[in-house]
Structure formats: structure tokens, C-alpha cells
Amino acid sequence: MIARRTLTVFSLLFALFAGQTLQQAAAVEVETSGDIQYYTLTNQQGLKVKLTNFGAIIMSIMVPDRNGKLGDVALGYDNMASYLNAVDKPYFGAIVGRYGNRIAKGKFVIAGSEYSLAINNPPNSLHGGVIGFDKVVWTGKVADEGEAVVLSYLSKDGEEGYPGNLNCQVTYTLTDDNEIVVDYLATTDKATPINLTQHTYFNLKGEGNGNILGHQLMLNANRYTPVNETLIPTGKTPEVQGTPFDFTKPKAIGKDINKENEQLTFGGGYDHNWVLDKGGKTGELTLAAKVYEPTTGRQLEISTTEPGIQFYCGNFLDGRLKGKSGKPYVHRGGFCLETQHFPDSPNQPSFPSTILQPEDEYVSQTVFKFSAK
Ligand code: BGC
């Protein structure tokens, strides 16, 4: 049985009273089915985002192209059964945690105690373990102001081998400037690694419409963190200049992807973390990436407070999974740009720390801004 609730009128009234008619006046529609809620946020420009409290997953993002035609640019499914039963679960649209990306051999030490995680990506731990934050039911509510959805999850001490009760909150806000703002907040009662990220696979041509190799990517990063053959960083942060990893100026994703390069071999293509150029603004919101798709004119700009970004170009997609429109998700049929701290930081003393202490708060923000030209 599905109950429906529309907050359109409320949120518009709020926006008028707050004098913010053109800032944040997205309407939120809620559907409930058992423990699962689906939230559809619609802004004044017609951009529509559908998400669920299962895995804090973004299920679809309807974005206008240069002619105003809406297309769904996020890979995924239109029903819960597919998220639960798909043979392969590539983290479509989810929040990954407690630790996004890899921890070498699933081990780390905090204050002399060694912790062991499940090796779910041999020989390493990936994306929080067997049941990471992408596979749990979050508690969802529409924000009091009516334009955002707040999702909370308590990860208990010892869950997936991690120390400390970790209280997490992820807020998705849709603005009338066509931005999806993702705010992360967490506290713990024991020191623990934390690295939350958003794992949407984008295809700005529309999900299922072939590969993303023609998209032009700019990464605001002069350095990256090369990896070993198991995708664990070596600890070095060389310059990208003169390598296929140079995206400092917009470049088609496919341009250098088949070049002879050990790092591309290890990743099966791009599956690496770039060190963002923060221009001295560590911890502040700065531009991380820009992607432009020439045939539709759609553009995505990503800003973040995080120091790194994982650019993964769907190397493990192989056409077996079919998405919501029934079209196969072909090799490199979507790309992820996961804002984050660097992979394996708990074992890499030279990387910015990912250990959250009980007296501190984990605060992070990433903004996905869509446009067309
Ligand atoms: C990782 C890939 C991994 C993918 C899972 C990405 O964040 O970098 O190596 O295969 O997630 O879908």
C-alpha cells in the first residue's frame, strides 16, 4: 500500500515567506512502501531527483538538455527489487561508507588496536564491507523547510568491524539553481575511520544511451594517487602533466584511455583518486570537476569540501545489467566522480587523516550542479 504526501504548497509558501522564491523551493513528494520511502524533489526549473532511504540511493535525476528535453542522467533501477536482487551490485547512486574506497587487506590500527574488516574486494576491503551504508535502511524525513530530505543512520560499534557507534546524517537538497547539495554530518563515541561519498553513475546523454567516452572531463587537479595492481595507493602523488591522467583542461574521457600505461592497466581504465587543487582553501567548497556532453549540451559541475575525487569510468560494467529503461549498461556506460579523502588513508601516514575522534564532528559538502549549453 503506497501512501502519498505532497509538500508542494507548504514549501512554496515557505519560500515566499522566506523571500527565497528563486533559491530553494523544491517540492518534495513522498511515497511509502513498508520501511522504504521514495522521495521525489522537483525544482522550479523542472529538474527532478528521485531518491530512497534504502542505501540513501539517488534513483534518477531528470535534467533538461540544451533544447529543454528532460533525460535521466543517473544509472539505476525504477524498483526496489532490482536494487536488492541484481546479481552484481555496483553501488548505483548510493552513499558508500563507513569508508568509501579501499582499505588495504582490510586492516588498520588506531591507538595500538588492530581492526579487521571483511575482504569483499580481494585482497582488500571496499566501500564499507559486505553490508555497507549502500545496503542499509536509513531513516528519512523531509526537512522542516520542505526542500530537502534528511537521511540518518546509526552504524553500531563493531558493525562491519569498525569501532564506535557512528551517527550519520546525509541531507539532499535540490535548489532552483539546478544543484543537488549533499551535506554529510557524523559523530562517533570511539575513534574511527570515516570517508563517505556519493556513488551515482552519470551518463549525460541519458542512462542506457551507450558509453561515456565522448564526454569532456575537466578535473581541477595537478596530481593523483597512483596505485598498485590491487588498486591501493603507492603513497606517491606525482603530477599528471604529460600522462593520460591530465584532465586539467577539458578532454574527452576516451582520448587517452587506451594508451599504453601501467596505471590504466591496473584500473582497467580510469579508476583513480585525484588530489584536488584547493588553492589554499583546505576544507572549503571548491570546484573539483566539470563534465560536458557535446551531443545534448548537458553539463555537470562538482564542487566539494573534500581533498580528493575518485574518477571511475564504469570499467566493470559489461552490458549484463539492464537499467530502468531496459537498455543494457555497456562497458563504460556511466562514470562516477566520488568526492572523498584518499583511498587507504588509515594506512597512509602522508595522506590527510580520515580518523574521526569522539570530540570532533565529521562535516563535508558536495554540490552537483547541472546546466546545458
Ligand atoms: C571503485 C571501483 C569499484 C566501483 C564499484 C568505485 O568507487 O573505485 O574500483 O569497482 O566503485 O562499483
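Every residue, even glycine, has its Cβ placed from backbone N, Cα and C.
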- [ ] Let me know which member of D271, D277, D318 TrEMBL also records as binding beta-D-galactose at the site of N101, R102, H199, T200, Y201.
- [x] D271
Task: recorded positions near H199 (active site, proton donor) (Cα-Cα within 10 Å), from R102, D271, E338 - done: E338
Task: beta-D-galactose binding residues N101, R102, H199, T200, Y201, D271: largest Cα-Cα distance, in Å and rounded to whole number - done: 18
Open item on the list: Can you give me the Cα-Cα distance between E338 (active site, proton acceptor) and T200 (beta-D-galactose binding site) in Å, rounded to a whole number?
Closed with: 8
TODO: Using a Cβ cut-off of under 6 Å to any atom of ligand 1, determine which of the binding-site residues R102, T200, Y201, D271 qualify.
DONE: D271
Open item on the list: A 10 Å Cβ contact count, applied to the recorded positions T200, E338: which residue has the minimum?
Closed with: E338
